[in-house]
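Shown next, in structure tokens, is the structure this report addresses.
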């Protein structure tokens, strides 16, 4: 089945935002990340740090009130929005009204990192995905909450499932022809699909389906998906289209995996290790992906 490899020539067709020295933080993207729970407070931290390291100007984090303060202390660059919560420490449905007041101040949303399993929280996630007017990355438990026959709303949606989450979304196991499976799902749903795994696939309706071949097995570690969601969301808030943000996000994530593996090996790596590599990777990518550059693909700097 026809597809396009994620390579330098492709990236040259979708330049990153070109900020001037006078660009203010509020002009570099305003992102809202919604998630967290008493049991999984760390995932949203990884996503928020990755979004900031992707170049996003400001990041707001909306999380259950019992964990919001701790998240804000851990990453003081964030703006915190404490949300009402269930008895089990997950986001309550009453949070919808609070969040609707935040939409005008933001340009994109990430929903899912650190959400825990709860019937009320799942209802909250489904309603938010269907109604929020901003472009949104949907990840982790928010994907499971959607289930099959979901509604994604009118604004762009980027769904980032691994194999098990994709089965929950589509009712379909990933077979040998995962490119065609991804393309069919994107066409039917209208969402941009980032089908994570070995050679991650990015598919958007009426766009070329993209396959990434870079990366490292070091990326297969807890929290890696939260980092990817943060990168994609940060780029989405900076004005890239859903398709472009997904492609660049997958690329940066894969390159971070390669860089970390080069220094630390493939084993014993933690997701936080990828985040600190992102500014340097983006700096180098801006040079090598410029349309007038002919240097080889990849970010090996030594």
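Any Cβ shown, glycine's included, is placed from N, Cα and C.
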In TrEMBL, the residues 196, 197, 198, 199, 200 are said to bind AMP. Which of 171, 223, 225, 230 is said to bind at that same site?
225
Per TrEMBL, which of 112, 114, 280 sits in the (6S)-NADPHX site along with 43, 162, 226?
114
Compare the C-alpha of residue 196 (AMP binding site) with the C-alpha of each of the binding-site residues 43, 114, 162, 226, and give the closest one.
162
Same-chain residues six or more away whose CB lies under 8 A from the CB of residue 226 ((6S)-NADPHX binding site)?
43, 44, 46, 47, 50, 113, 114, 139, 140, 271
Using only C-alpha positions, which one of 197, 199, 200, 225 is spatially nearest residue 162 ((6S)-NADPHX binding site)? These are the binding-site residues in the record.
197
Record lists 196, 197, 198, 199, 200, 225 as binding AMP; longest Cα-Cα distance in Å?
14
Counting Cβ atoms within 10 Å of each candidate's own Cβ, which of the binding-site residues 114, 197, 225 comes out highest?
114
